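Here is what TrEMBL records for this protein:
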type	residues	note
BINDING	Cys7, His54, Cys57	Zn(2+) binding site
Amino acid sequence: MCLLITCMDYRLSEEVLRRVRPGDLVIRTAGANVRGVARSLAGLPVQEVLYLPHTDCAALKLVYSALSQGQPADPQVEEALVSQYRGRRPADLEELERLHVETQVAILRTLFPHARITVETIDVSKIRWPPRKPIYHLLKPQSRYTQDMIGAYIIQAFKIEDVKADIKIAEFLGLSLSLNELV
């Protein structure tokens, strides 16, 4: 089984559609953060992981702002995303992006020590963006997108408890919940 992990960003849905194969599972979280979903991923029979972070990530901008200003984030966002970087001083957002990939890949190697892990950073300046919709969907990892979902932010996970921080970030971005499969 292949596990595809990427960010919930609306700009990435068509990239996911191009890369996902039948039988693959898709996890999408704010910043392609694995930490919040790690417990639910443990024990899955994963042979391959395709990790797709991207440039210009709003979640990592939030992390960088919290780190550089020394301010705590929302408690759920702090625990799931920001706290793993406390005590580190990335010089800029690009350095944080590199650190984030290293940190998430280390988690994935712990979860799936025998899996092939591939990282492909998506440069959003080089892809076509769909029109942005101010909504988000909560989908199961095996769900596939319909055409009307393109342009929406998509969070994919096994349990809603794993993505509470991601939902907070969606709300911070002014998004409204449109579809919830995680009830």
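The count begins at 1 with the first shown residue.
Cβ atoms here come from the backbone N, Cα and C positions, even for glycine.
Just so you know, TrEMBL annotations are computer predictions that nobody has curated.
What you see is a predicted model, and the numbers here were worked out from it, not measured in a lab.
The number of other CB atoms found within 10 A of the CB of His54 (Zn(2+) binding site), across every protein chain shown, is 21. The binding-site residues considered are Cys7, Cys57; of these, Cys57 has the fewest other C-beta atoms within 10 angstroms of its C-beta. Taking the centre of the Cβ atoms of Cys7, His54, Cys57 as the Zn(2+) site, the nearby residues of that chain (Cβ within 8 Å, site residues left out) are Thr6, Asp9, Leu12, Gly31, Ala32, Pro53, Thr55, Asp56, Ala58, Ala59, Leu60, Ile122, Val124.
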